[in-house]
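**Student:** Let me give you the structure first, and then I'll get to my questions.
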Amino acid sequence: MVTVNNITKTYNKGAVKAVDDVSFSVEKGELFGVIGPDGAGKSSIFRILTTLLLPDGGTATVDGHDVVKDYRYIRNHVGYMPGRFSLYQDLTIEENIQFFATVFNTTVAENHHLIEDIYIQLEPFKKRRAGKLSGGMKQKLALCCALIHKPTVLFLDEPTTGVDPVSRKEFWEMLKRLKQQGITVLVSTPYMDEATRCDRIALMQHGKILSIDSPQGIIRAYPGPLYAIKATDKPRITQALATHAPSFSSYIFGEYIHVDPQGVSSKYLTEELTTLLAKEGFREIEVMPITPTIEDCFIKMLTK
Amino acid sequence: MRTIKFLLQKEFRQIFRNRAILILIMVMPVMQLIILPLAADYEVKNINLSVVDHDHSPYSQQLISKITASGYFRLQGYHTSIEEAYRSIEQDKADLALEIPYGFERNLIREGEQQLFIAVNAINGTKAGLGGAYLADIIRDYNQHIRTELTIPTRFQSLPIIEIVPNNRFNPLLNYQFFMVPGILAILLTMVGGFLSALNIVKEKEIGTIEQINVTPIKKHHFILGKLIPFWILGNVVFTLGLLVSWLVYGIFPQGNLLAMYGFIWVYLLAVLGFGLLISTYTDTQQQAMFIMFFFMMIFILMGGLFTPINSMPGWAKVIANLNPVSYLVEVMRMIILKGSGWRAVLPHLGAILGFALVLNSWAIWNYRKTN
């Protein structure tokens with residue numbers, strides 16, 4: 001449905017490489033996540049795929065049409081929700097949806113079934129101006145407007161940034177339902193915890209894709225075990241572990257500290273870590289082997 | 001066509017919701033048209049005059065009363081010496097000093113000749129030039145008067161006097177407002193049209209809505225037309241309001257073909273709006289657009305023939321004035337409103353403005369990129 005072949009995009013006359021030789025493909029009906037920190041090049045890829053930006057090199061197709069040559073077709077058939085709220089703030093919810101429907105030569109009634117679930121939540125406020133909505137509502141409205149012309153592919157650029165956790169969860173539920181209706185969805189996010197909601201994800205950093213796989217696949221591919229530690233005097237733990245030979249890499253992860261033994265594998269690592277920490281004077285020590293999260297995988301890839 | 005209809009619907013909704021701007025569009029031109037022509041006046045009045053009268057004769061008294069009676073001068077005071085009069089000029093109390101020498105009357109009658117001394121404060125060039133000229137005029141007139149009085153007219157030796165009777169065509173009373181009001185209306189129309197259109201597309205860029213528009217199948221010329229038409233209509237409203245104000249307040253009604261006037265305005269608005277749109281396609285923020293528009297507005301206004309006649313400008317300035325749409329409008333407004341011209345007379349101007357409209361709008365459409 002979407003193919004990207006060796007796409008490159010530079011800014012400032014080549015000084016900044018935003019997208020560096022990126023290739024991937026997305027199947028029809030897939031919920032594909034592009035995950036990476038700010039500045040990884042996610043938005044640039046989305047803007048290239050939605051014909052807003054011309055790539056410096058490489059080719060890309062959406063729904064079988066080239067993004068440079070067939071931009072007309074693509075503009076008629078994709079839905080795009082930019083990272084920044086970009087609907088008319090001085091128009092009401094109703095007027096915004098209506099406007100975008102007519103711009104695509106369709107009517108709200110024709111594709112109402114697509115936005116039904118979302119619109120139900122907006123309906124009580126339909127006379128309210130878009131600028132006066134809360135962050136979560138704005139995102140729902142933007143999604144409605146991007147969907148109203150029944151796009152074959154939906155591009156959502158950081159739709160959940162700046163949205164509260166409950167609304168974020170709701171938003172992902174909506175995406176799941178859209179997927180069930182056969183719409184291919186590409187979504188970018190800086191939040192690693194959202195990755196597991198995608199069918200497949202691409203982890204990005206500095207314009208390059210580090211890995212593409214299903215979230216489970218990426219987790220399975222994590223080399224070696226991973227431990228979570230909890231003890232008194234948390235800030236000193238990483239120091240203590242780094243001085244140990246062979247040194248363990250560790251980082252703070254919520255209330256725990258994740259320890260990557262970096263190749264050292266031993267059945268008794270749990271006990272070894274406990275005694276090590278006890279010797280260093282920590283108390284209330286808690287050590288357990290854990291399955292890595294996507295974030296752990298991402299950190300691992302970055303340190304490689 | 002359908003797309004344009006919905007674009008227009010959207011634009012008008014936005015315009016009518018932006019109360020502050022709407023009021024500004026309607027009230028600002030009316031206010032300015034009422035206030036500006038009263039203040040922006042070429043005639044120099046209230047010139048402060050210092051008089052040093054060494055003669056104190058009936059003749060010198062007569063001259064002074066003739067000067068003050070003209071209405072242009074205000075007697076600031078009498079001084080005993082020219083140095084004192086100079087001081088009052090230095091203190092900016094007086095604009096002109098007139099020195100009448102001792103024996104003014106006697107010498108004038110006996111020797112038929114006398115000199116007067118005028119000192120002019122030339123810091124304000126216009127005031128100095130006109131003030132000096134007025135004073136010289138009055139003195140010349142006075143001179144004429146005493147010559148006829150002193151010379152006994154005989155049948156054989158009559159004094160030839162040339163009297164000039166000017167006939168001020170199109171503005172018999174030289175009413176300054178007749179000249180100024182159409183010009184100011186032209187400027188106001190240009191400002192409203194230019195600024196509104198320049199800021200509009202940039203606003204969509206700034207807020208980010210253009211991003212969403214650019215991925216839709218809206219055609220470029222549809223988008224530009226959708227921006228052009230609402231402001232074109234507003235421009236017509238502003239112009240009509242302006243005409244009403246000049247008729248009701250100043251009693252100025254177009255003497256010529258009203259349809260020709262509107263016909264010209266219709267094309268002119270396209271040119272000005274096109275210029276605004278062009279600027280907005282080159283800029284990224286409203287601030288940038290605002291400053292660029294200000295830059296051009298200054299040139300348009302000062303080189304548009306409103307305050308200074310284009311014919312007296314140097315050659316290079318005339319070239320700029322020819323590229324200045326405002327200069328055409330100011331001229332056409334005066335032609336139709338004051339002179340009573342019809343279609344035929346404004347055709348060359350109309351052609352030029354049509355050219356501006358086509359070039360500027362095509363340029364704006366060409367330069368508006370949906371893809372970067």
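Along the chain as shown, the residues are counted starting at 1.
Each residue, glycine too, has its Cβ placed from N, Cα and C.
Please treat TrEMBL annotations as automatic predictions, because they have not gone through curation.
Positions annotated as domain 'ABC transmembrane type-2' by TrEMBL: B:146-371. The annotation transmembrane segment is assigned in TrEMBL to B:21-40, B:176-202, B:229-253, B:259-279, B:291-310, B:345-366.
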**Student:** Where among B:176-202, B:229-253, B:259-279, B:291-310, B:345-366 do we find the most Cβ pairs under 8 Å to the transmembrane segment (B:21-40)?
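**Tutor:** So the stretch in question is B:176-202.
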**Student:** What stretch in B:176-202, B:229-253, B:259-279, B:291-310 has the biggest tally of Cβ pairs under 8 Å against the transmembrane segment (B:345-366)?
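**Tutor:** Ranked by Cβ pairs under 8 Å, first place goes to B:259-279.
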**Student:** As a test: from B:176-202, B:259-279, B:291-310, pick the stretch that has the greatest number of Cβ pairs under 8 Å with the transmembrane segment (B:229-253).
**Tutor:** B:176-202
**Student:** For the transmembrane segment (B:291-310), give me same-chain residues lying six or more residues beyond its boundaries with a C-beta closer than 8 angstroms to one of its C-beta atoms, as numbers and ranges.
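**Tutor:** Tertiary neighbours of the transmembrane segment (B:291-310) are 183-184, 186-187, 190-191, 194-195, 198, 275-276, 279, 282-283, 317-318, 320-321, 324-327, 329-331.
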**Student:** Sort out the residues at least 6 away from either end of the transmembrane segment (B:176-202), same chain, that have Cβ-Cβ distances under 8 Å to it, and list them.
**Tutor:** 21, 25, 28-29, 32-33, 36-38, 40-43, 210, 227-228, 231, 234-235, 238-239, 242-243, 246, 250, 252, 265, 268-269, 272-277, 279-281, 283-286, 288-290, 292-293, 296-297, 300-301, 304-306, 325-326, 329-330, 333-334, 337-338, 368
